[in-house]
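Quick notes on the structure that follows.
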Amino acid sequence: MNEILRKSYAELKSSLSLGKISATELATACIERIKEVDGSVKAFLSLDEKRILDAASESDARRKSGNPLSEFDGMPIAIKDNICIRDSITSCASKILENYKSPFHATVIEKLIAKGFVLIPRANMDEFAMGSSTENSAFQTTRNPFDLERIPGGSSGGSAAAVAASMVPLALGSDTGGSVRQPASLCGLYGLKPTYGTVSRYGLVAYASSLDQIGPFSKELQGCIDLYSVISGKDERDSTSLNHPGFSAPWTPDFKGLKIGTIKMTSEIQPEVVKAYEKVLNQLKEKGATLVELDFSKFDFAIPIYYIIATAECSSNLSRFDGIRFGSRKDKTGKLEDLFVDSRTTGFGSEVKRRILLGTFSLSAGYYDAYYGTAQKARVLIRKEYDSFFSKVDFILQPTSPTTAFKVGEKTKDPIQMYKADIWTTSVNLAGIPAISVPMGTDEKGLPIGLQITAPHFQEGKLFGAAQAIGALEDLNIKFPENIG
């Protein structure tokens, strides 16, 4: 591996600013690393070397003339394949969009380009972001760099694996029910799900519009802080975008007097995850924090509520992919109805079809009130329960995932078990609050374990402060693999 990629994110940012390395050198190192290990990891669906190197060359020219766009000018970043980049294929890892080239940039892409970031698309994902393992991609299964027989998490598995394998220092993903936090946990990274509405969704191909949110990955907390500061902000093109106070610097917590909400561990949780969680809690208690065990019994139905709402929105959002408005066309008989059926049957994978059917059922005339209407009422109760929690505690700490990375193929035939991987993440999306996954050590096999920190709406600054303090605790650092494959 090129020595440049052994530098931390902070060192890379400093080296670019001081001229110790050029953007072209850094981009070339990333390309070489991708060629070296991605045959095994399969984090990227394509690699446009010319476009990457051209962007890096432009960055170098700006720095040489003394006019860098920002301190980030020349920094490479991987982009998930559901975030639109003009004149680049945005397939959402689906055959139905296999040849779709976006005619416009997503808002987050415009913001990254305005700061001089070097974009490296297209990071693999579960098809249309529907999955928790990146096994639902129509093109390839991404592997966990820590163990190639295991999954990296999903749906943003390609983004997470690319950072964990040191192919890129940063990445963007999307999080609908845990799709940034869960792969961050399984790949030993920091992964942020911002408050809903603080980051524009314009140009993010929608899965479930009331739940989707774009978020960053990094090996270091500072990478997430920097990316959030760049991509957040109100956007008139996104009707759900909000004005928010932002933050000037991460809040520095004093553990003495800090009230931290915790969750009771059960026998269903991997013992090593429980051990790591309790170790963190004990360290926080020793530093003066007060631990408050919260009653999460009302969240037992969070996953079914999530899957009713998410699949309902998915069935609506994906109706546009019919072979006429969007998507590849399969016209065997010349009949309009057959065109719709054939295009969608051949274009969508099995998990996408399953969720479309579930959503269509819950929205049907005879069942709308019983399912979708009831789920929306229950969603309000979840939001109120979080409000109640945060009147008692400053933060809530939970393991991000109940297990470390499982083996490829282990849960593909049991969707219920796969859905349970998001047991602690979906409720955060239902409530629209921010959460971040931070590394919490490893299990006996060396597989990463993640800790989810949750805060009230718009409290990203405090969330980063808590993540910074917890990240400084003993024995939580992750050693990332260099020799892969």
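The backbone N, Cα and C atoms fix where each Cβ goes, and this holds for glycine too.
Sequence-distant contacts of LYS80 (active site, charge relay system), defined by Cβ-Cβ distance under 8 angstroms and a gap of at least six in the same chain, are ARG122, ALA123, MET125, SER156, GLY158, SER159, ALA171, LEU172, GLY173, SER174. Annotated active site, charge relay system per Swiss-Prot: LYS80 (among others), in sequence order.
Positions annotated as active site, charge relay system by Swiss-Prot: SER155 (among others). A coil conformation is recorded for SER155 (active site, charge relay system) in the three-state DSSP classification, outside any helix or strand.
Under the heading active site, acyl-ester intermediate, Swiss-Prot lists SER179. Every protein chain shown contributes to the tally, and the Cβ of SER179 (active site, acyl-ester intermediate) ends up with 37 other Cβ atoms within 10 Å. Mapped onto three states, the DSSP output places SER179 (active site, acyl-ester intermediate) in coil.
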Residue pair SER155 (active site, charge relay system), SER179 (active site, acyl-ester intermediate) - Cα distance, angstrom, rounded: 5
